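Novice: Per TrEMBL, the feature transmembrane segment maps to 6-24, 36-58, 70-90, 97-121, 133-153, 174-198, 218-240, 256-275, 287-306, 318-337.
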Amino acid sequence: MTAELFYGVALTMIAGLMAGNCMLPMKFTRSWKWENIWLVFSVVSLVILPWALGFVLVDHMLEIYRGLGIGKLALPLLLGAGWGVAQILFGISVNRLGLGVAYAIIVGLGAVLGTLVPLLIQQSAVTIGHAAYFIASGVVIMVAGVFFTGWGGQVRERASKVAAAVSSSPSRQGYAAAVLLAVVCGIMAPMLNYSFVFGQDIAKEAVRLGVSPLHAGYAVWPIGLTGGFVPNIAYCLYLLRKNGTWRTFQLARGDWFWASLMAVLWMGSMALYGMSASYLGTFGTSIGWGLFQIFMIMTATLSGVLTGEWKRAPRRATALLGVGLACLTGATILLALGNR
């Protein structure tokens, strides 16, 4: 393993650890509703932090944007907005299908498409050779890992009756519509990675103006994440008005800290993922995304185990979880080998 590959995988692992735990602080909020938490999370993670990091780490950032013009910025912005819509659809899908099924469909599709689409767009010539075989094998095993962890989660939900509201005799038509919604969400979920891929002209312009290649990605994130901010904030404002929860912001002021911590963990993970892509080189935005998703899934799952979510889970559920984690570990090795 070369030093650059080691640094790339290590950064991706840390990014996955942060992303996998970024929702954990939500468990410690006392009085806020989901829309209160998500509004603060969205403002901090999608606006304040990416723009602050960009201005600190990227010299002449506004000059970079002016030089490229709206044409080069529009696609990353729109792809970011698509990802923002997927964030909303994820919550709706989980509510209608249950975490296990929704998780398997959305994360599975998002991981596969987010890994393969950048590879096909940027490296269409890579169709044979050891790299393609390792990557293809890694993606297949990654899908198996997501499937088994999602299946284990579904078995656990049924046993604990967490999904009772979702599984209470849904109509065939309603269930089919919910599955279709999850599929649409899974297709749109990796659009943030596409935004980063199609925003590489921004990164190249930053490097041309003297920015370190390691920091050039910080010029891309503000554009894509601003696009993602619009649908997220619109949905939060809708819920705040519908549920009359504006006044909830005055309760339990410590909840401001937990929502902001969620944002720091999430944006930190995206920043490190962007840096890892530069170390991973040619396949950085494809293999890097796959590794990032794997580490995120593994971390979120293990965090759930450590916080007692699986304490009373039946043996079948834990066995499926173990198989899923083993598959994800194998996929990590194969994807890393594909980048040699």
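In case you wondered, yes, glycine gets a Cβ from its N, Cα and C as well.
Note: TrEMBL annotation is automatic and uncurated.
The shown structure was predicted, so the numbers you read here are calculated from the model rather than taken from an experiment.
Walk me through the surroundings of each of these features.
Specialist: Under 8 Å from some Cβ of the transmembrane segment (6-24) lie the Cβ atoms of residues 262, 265-266, 268-273, 275-281, 284, 288, 291-303, 307, 336, 339, all in the same chain and six or more residues away from its ends.
When Cβ-Cβ distances below 8 Å are used as the criterion, the transmembrane segment (174-198) is approached by residues 75-77, 79-80, 82-83, 85-86, 89-90, 92-93, 96-97, 101-102, 105-111, 113-114, 117-118, 121-122, 217, 220-221, 223-225, 227-228, 270, 274, 277, 285, 289 of the same chain, each at least six residues removed from its ends.
Same-chain residues lying 6 or more positions outside the transmembrane segment (218-240) and placing a CB less than 8 Å from one of its CB atoms are 33-36, 38-39, 42-43, 45-47, 50-51, 53-54, 57-58, 61, 64-65, 73, 76-85, 87-88, 192, 195-196, 199-200, 202-203, 205-206, 211, 246, 270-271, 274.
Same-chain neighbours of the transmembrane segment (287-306): 8-9, 12-13, 15-17, 19-21, 23-24, 107, 110-111, 114-115, 118, 135, 138-139, 142, 145-146, 149, 190, 193, 269, 273, 276-277, 280, 321, 324-325, 328-329, 331-332, 335-336, 338-339, counting only residues six or more beyond its ends whose CB sits under 8 Å from a CB of the stretch.
Sequence-remote contacts of a segment are chain residues at least 6 beyond its ends whose Cβ falls under 8 Å from one of its Cβ atoms, and for the transmembrane segment (318-337) they are 1, 5, 9, 115, 130, 134-135, 137-139, 141-142, 144-153, 155, 287, 290-291, 294-295, 297-298, 301-302, 305, 310.
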